Amino acid sequence: MTTINAPAELPALQLLIDAMQDAVAIVAPDGTILAVNKTWRQFSVDNGGDQSSHYIGTNYFGACEGPNGASDDLAGSIAQGLRDVLNTGTDFITEYPCHTPTEKRWFEVVANPFDIDGERYALVAHRNITTRKLAQVEVAYAEQNAQNLAAIVTTMPDAVIAFDLDGQITSWNPAAETLYGYTREEAIGQSMEMLYPPDWPKRITTYIAEIIVSELKNFDVIRKTKWDELRTIAVTAAPIRSRDGDIIGISNVHRDVTVEREAEQKLRSVLDNLFAFVGILDPDGTLLEANKAPLQAAGLEAKDVIGKKFWECYWWTYNDEVAHQLQSDIARVLKGETVRYDTQVQVANGRLVWIDFQMAPMRDATGNIVNVVPSGIDISDRKAAVEKLEQSHETFKNLVDRSPFGVYTVDADFRLAHVSQGASAAFANVNPLIGHDFSDVMHTLWPDEFAEEAIARFRHTLATGEPYHAEPLVEQRLDVGEVESYDWMIERIVMPDGRLGVVCNFYDLSEREKYEQHIRLLMSEVNHRSKNLLAVVLSMARQTARNSTPSEFVELFSQRLLGLSTSQNLIVEGSWSGVSVTNLAEMQLKHLGPEILGQRIKMDGPDITVSPTAAEGIGMALHELSTNALKYGALSVPEGGVDLVWSIDQNKDAFKIQWREHDGPEVVPPTRTGFGRTVIERMAANSVDGSVDIKYATSGLVWQLKAPLEDVEQARDS
Amino acid sequence: MTKKILLVEDETLIALDIEFAIADANCHVIGTAQTVDEGLSMLDSMPCDGVVLDANLGGHSVQPIIEHLQAKALPYIVVSGYTRDQLEFLPEEAVLIGKPFSMTELVDAIRRHLG
């Protein structure tokens, strides 16, 4: 151990160094550490150094160079530096790292010589310079970064432009020059507004303000190049901050998207002009995008629907069920299905329009479903056409159903497909009707032989398309046992399902035959009646001939024939159901002329209707009575007259008609029974099953017919 | 001996005509019936040698009278506007005179079949 020659000033120096922040030691000319300050001691404690002496009395060189020192080049250089300070009186300063396992530290060691009593001592101070050192590293990095950034900016394909808060350009990269045509020199210091098209509505200061409050980060603008070309520019903007965090400018990245936007615009205009609906939904059903057509159709703006749940949008609000359907459909689409069906959407004024609606999944590159794409096409025209077709089909169906012809169809599977109302009577015993096997149907209705033949005909027509018109069929029905007659024909047709079928038209001749039978009966009845009438006429002619001279015959017979004809006319006019007595009397007496009829004949009686037979008998009697009165009776003299009265008695069961002549010439009862007498007596009485009373009173002839009312009124068909 | 003939005819004028024909054939009309019931009751109450009858009386067929005559084997002549095929009930051997008839034809028939 070396003897320490501590200078007398050491205590004062000790006080001085204790006040210093750095770790300081005073080193004797031989390198012995004479004193250390508080910082040194503390550092020594903190770092596990010598706790007893804190290196006081040890040789600094030994500490540096000895086996326990910092055994590296740095320690050697520090020892050498300290020697130089002590030997030559120069200052020494150097830095060294002194890292702990947990902390990076850098120190600066400074050795300064000072003389006391001709001896040279050194003041060695260790100063922690970690903070300064780190700042230097940071600056170095920052510089490197800045260089890198500058290189990136320079080589970036996008225009990078910076400008200050006044809008004056401060930075302009080569891509900006390419985009806008201005060189860096031309651009720097200019206002950003030099790039604005004429009449651009927004000032640069407004942009800056919006960018600063971050309302604007990405936006599209139109900008003008040096050559006055307008370009669509997608701008990405951010504020530039100083190291202190103050905003000092704005950075812009400009990308020319003119071509892309034009393409997008074209696509959108195509979509917008389509009368089709196309949209994009989030997986949760939120409408993200929609083209113009559905908006315009419904009188909506984008903001009315974008961001809403798709099923809550106006188009669907006409019906809750539709909304539920859409939700479940979207769930299906998210599982990968595509749904498609016809539905209605609500357009302006609540009108509903039919659309062909589809929802399909949209997948990303990895195949995950990221969106739902609903689309629809207006098919109201098609729907209307279909409805019209259905209506016309309905009309034809009605026509067929109400046709007197029977119409039915047999489908490709040989089953009854449709049976008109006119045909259903013929199939009354087939149950069920529609879908019934046609072979079975035929065997139900007809005997085997005819059934087999008909089935073969149907199969042939179905297979070949050859129509077949059958000979009128007369056959006994198996089910009802009656002989029926049909006229039928078959043709091949295309059925509604697009397959072939056979249509059969048939006409029930049995009905027609029944009708013809009826006509034949009527004809024979008419024939009988006319023969009967001719027989009556012939009899009348014979009777007239028996009681008249040939010269009188024609006149008498003609008058009687006219009388008979008059009654027949009234009978036919009354459709054989009855004749009014008033009419009958007027018509039968018409031949007397209006003067006699109006003044000399009094008619009175209720307006009752008598049977055709009664009309015939009474009519002929009135004819005979009137012609006789004109020839021989009351009407043969100017003052004579006739009262014709008829009545129904109080019990309403007897009819009476009376012909009473008055003021005529003297009455002479006839000596023989002529035709006239037969008519007024027998014929009249027989026609009503009544009785006739004739009185040849001097005042004039009185003829009276009495009969039960029911025999007068009831038609006695002959 | 003059044959007694029953006439069944509801048309008065024709009945009158037939009465003359019967008289011309030297027969005698014992009665004229106008209905089926009347005819049947007259047949029961008045013995006769033959009948001239219409086929249809007031819409009613004279079939019951024909059956009665067939049963009693009485000769008869049918006078009708109907043809034979329209009168199904008429036996084939029955004599049918169509209306309108000629007097000669009817008188001949009465003479031959009833006289």
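Glycine is no exception: its Cβ is also placed from the backbone N, Cα and C atoms.
Database features, via TrEMBL:
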type: DOMAIN; residues: A:145-199; note: domain 'PAS'
type: DOMAIN; residues: A:215-269; note: domain 'PAC'
type: DOMAIN; residues: A:263-337; note: domain 'PAS'
type: DOMAIN; residues: A:339-391; note: domain 'PAC'
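Sorting the domain 'PAC' (A:339-391) by DSSP state (H, G, I as helix; E, B as strand; all else coil) yields 15 helix, 30 strand, 8 coil. Across the domain 'PAS' (A:263-337), the prediction's mean pLDDT works out to 84. In terms of DSSP secondary structure, the domain 'PAS' (A:145-199) contains 26 helix, 12 strand, 17 coil. Secondary structure of the domain 'PAC' (A:215-269) per DSSP (helix as H, G, I; strand as E, B; remaining residues coil): 12 helix, 29 strand, 14 coil.
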